[in-house]
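**Q** Below is the structure I would like to discuss, written out as structure tokens.
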Amino acid sequence: MNQDNYLEEAMKVRNLLEEFRGNHGIRYPTILGVREHVFTGSVSSLASFMSKQETSFVTLGQRVLAYLKVRMHYGHPDVFDRIFHITRGGISKASRVINISEDIYAGFNSTLRQGNITHHEYIQVGKGRDVGLNQIALFEGKVAGGNGEQVLSRDVYRLGQLFDFFRMLTFFYTTVGYYVCTMMTVLTVYIFLYGRVYLALSGLDHSISRQARFLGNTALDAALNAQFLVQIGVFTAVPMIMGFILELGLMKAIFSFITMQLQFCSVFFTFSLGTRTHYFGRTILHGGAKYRATGRGFVVRHIKFADNYRLYSRSHFVKALEVALLLIVYIAYGYTKGGSSSFILLTISSWIMVISWLFAPYIFNPSGFEWQKTVEDFDDWTNWLFYKGGVGVKGENSWESWWEEEQAHIQTFRGRILETILSLRFLLFQYGIVYKLKITAHNTSLAMYGFSWIVLLVMVLLFKLFTATPRKSTALPIFIRFLQGLLAIGIIAAIACLIGFTDFTIADLFASALAFLATGWCILCLAITWKRVV
């Protein structure tokens, strides 16, 4: 086990066991909670963040939870009344899917059967936490998936029915509610940006703002230009800061917080926010949470780019690029009173989230920006991309096999329908941007949107021609390359003629690329979602 003990602490075990006979409310204790001492905090900055976050929970957090009688079982060091539990359904649960977070179900089981869980801080047990970003992401993914399964469990339902109002709120926040609120925080960013992009592409933001100024309606104008200044990463560290103040004092807490900020703790916590949101949301939609072995070793070494790409592509990179696309479209076509400074204030937290989700794996990767390792990582990544998948080929060896594994959780017809509905949001970009191109000359007919799909189809055909590489004879590939060269020259000449003789501009070219990029990703997601059915 990832646990340690100390001789002086072992001498206190007799005192701890005597607590089973002590007076701790209306009933004798059934689980004795013990605080943990995380000893891996000095390994790296990430280990320090996890150590301090865990310390705040196992001291201040569990102390309050035990006082309110809503503390559950969260890990190894707790001591159980064996007779009580084996005569009331056993220590843990049997299902490996819905009970993936098996430890907390022991707390559910004890509380539902009129047990009493206490917390004692005169004794502590050593605990080793994850020290590498990949280990931390896997662990948080497992816990988030486990909480997604807890939402569906009858234990949480019964506790919610039987608790009084205040214990129910505390229980909600310390279990599934924390992940619900985390997911709602990220969804708020998406809703805010999609709303602003809709207003920008439809022209409503400019007309509403102009009408508000004309009518003197300052409240409407202020609502339209509301500043979205919530820094979502810092708020997850508030309990930790409060724990520092209580345990260390105000000055040491301030010094520790400043040191953590200089070590980019906000980037790490914002990145962790994306991890929890992805795995919790996916479990809610499709189920299928699974145990993810982290190893919990001292993994302070360089992680290859391909490994980071496989682990964070769907959970962070794709979502960050989507938010970046929304921000680019908004700055290109939106209207903000006050110009660029207002835009920066409106979107600063969203840009911080994008940067954190895209670059955190490389900021916290040892030797992440060393040139020689970057070259080696690129070669390894390209070999992984072009290696063909097949029967028996693992995802770590082939992009094709990895993509199949990433979609394995979509198994039901309901899940495919939900994924289809979510993927259709990417069509908004093409539909809105087409009517903003100068070549359309403010033509708002539906035929313009249909013509954009014809252009996309032509682009796909041209791409297939460029990637065609016949190998049956030696003379044919040379001829194909010659045709591809002529085709490339023709495309460049056609674009130059469009720019020279029509209202088409270079800005329209880049805007079209953004629109077709989002539409292409939508088509790819729909194709892989319905591939198994067809």
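Note that Cβ sites are derived from N, Cα and C of the backbone, with glycine treated the same way.
Annotation source TrEMBL lists domain 'Glycosyl transferase 48' at 1-421. The feature transmembrane segment is assigned by TrEMBL to 176-201, 222-246, 317-336, 342-364, 417-434, 446-466, 478-501, 507-530.
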**Q** Test the contact criterion for the transmembrane segment (417-434) and the transmembrane segment (478-501): 3 or more CB pairs under 8 Å, pairs 6 or more apart in sequence, then answer yes or no.
**A** no
**Q** For the domain 'Glycosyl transferase 48' (1-421), what's the model's average pLDDT?
**A** 82
**Q** Which of 176-201, 317-336, 342-364, 446-466 shares the most C-beta pairs under 8 angstroms with the transmembrane segment (478-501)?
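**A** Per the Cβ under 8 Å count, 446-466.
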**Q** So what's near the transmembrane segment (317-336) in sequence-distant terms, Cβ-Cβ under 8 Å and 6+ beyond its ends?
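**A** Same-chain contacts beyond the ends: 189-190, 193-194, 196-197, 199-201, 205-206, 209, 225, 274, 278, 309, 342-343, 346-347, 350-351, 353-354, 357-358, 426, 429, 432-433, 436, 511, 514, 517-518, 521.
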